[in-house]
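Remarks on the structure that follows.
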């Protein structure tokens, strides 16, 4: 029921293109390669999840994608334009909302900040910020400060801020890693709703394999040192998903196992197999 | 005192989930927040000790007879000095330049601090120089400065800025350098310009450090103001202290001296309150 036929993407230019991306840090003794010849695409309105063992270089990759860092080789394009600085069409949601939101600004001022930077008039930007807060389900906390809210609510504020200047691409760096399980489910559904409502493309980095299967249209598995794309898996659940029924779908377990095998197959990490044992209790 | 009564009175009721009553460790006792009444009581005790010590010094004639007035005598002088006709203008002669100097210290200190804190090369290349310059003893040049600047407000302001700007600069540098890298990344990813990031992210994040610098500089500036008034003979509380001391009117001198000290208390406490208000968003204040 919930799993309608997998939508074929239109043949247009991808929203995000990563071509032969390599990142090597100059080390004290020898240079340390973190990313090696990485290729990746995210289509318009597509939800792609990036998984990989911890320490695989996901953060470095996100910094390159968001224009915060220049890769050693290769290129990143957002909406066709080469990324040399943080692109206007792309917004980032950081994992640590308590550090990415500014405690000296009220919730609504935090959300309106990207518009303020663009010189949007006060009344207009506050109206738009209020609209975004409604979108993420936080209508009545505008005047409060971020630190007065729960973790889940703070991450909603961060998402509202990321959406306020109508980006075409959203990068989310383990956005739900530091909230409790129920809040996490709610925020995952919020991410799906936002994609459906706004048509924004989302690239979400996570170390939670279940989360990647539940959210992604495709799952990109990173592995190796230096990291590259090990495999890309299609997830056939369509745009409408349900925490209970989607997760109970037999294909859910199949894909999850597939992801696990791919991560373990690389034989790189100790962290991933350990969590795999826990995950097998479900389904 | 009252705290021991509290701990013994809160005996756990016998029940299913009985928790072992545990006596407070020394560290817990040392860190616990005392009640307001306890604080008031302790303050009264300390004040009483101070007054007794003072009276004792007077009775023993430390420093020669008449050097330290009796407690009642000094209270009388304080009252006499502060109700005198010209007192307000004397006070303003000290407070006005102090305020002006402090404004320059804050604006200049923060501006210099932001620049030095932002650019690593600037910080690295000026650090030794700043330590060198701020170790300069201002007292040494007061006579010279009187000749070039005259006996004036300008003299006070120049000395306030020259001596009190350094805590401000150093605090701002530390503050700017410890802005959370995630905050900076968030600012960059939102495409804030450098100047926007300074105003909306770096400066607010630096405020706790600036506030500490301000509290240090404010009291320091008051001491410098009074010092310049005494040594340079510029009108104000300091000059009054010096004049009455020279005239042998030690009691009146003490009246002005205590006024200056009380001013210090007001300044220090006032800035603490201001800090609590301005930084109510900061973790240390909530």
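Backbone N, Cα and C define each Cβ position, glycine as well.
Per TrEMBL, the features are:
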type     : residues  : note
COMPBIAS : B:1-14    : compositional bias 'Low complexity'
DOMAIN   : B:91-275  : domain 'ABC transmembrane type-1'
REGION   : B:1-21    : region 'Disordered'
TRANSMEM : B:40-57   : transmembrane segment
TRANSMEM : B:98-123  : transmembrane segment
TRANSMEM : B:135-151 : transmembrane segment
TRANSMEM : B:157-179 : transmembrane segment
TRANSMEM : B:200-233 : transmembrane segment
TRANSMEM : B:253-271 : transmembrane segment
Same-chain residues near the transmembrane segment (B:40-57), Cβ under 8 Å, at least 6 residues beyond its ends:
1, 34, 68, 70-71, 74
Selection from B:98-123, B:135-151, B:157-179, B:253-271, the stretch that has most Cβ pairs under 8 A to the transmembrane segment (B:200-233)
B:157-179
Are there residues at least 6 beyond the ends of the transmembrane segment (B:98-123) whose Cβ is under 8 Å from a Cβ of it, and what are they?
153, 156-157, 159-161, 164-177, 198, 202-203, 206, 210, 213-214, 217-218, 221-222, 224-225
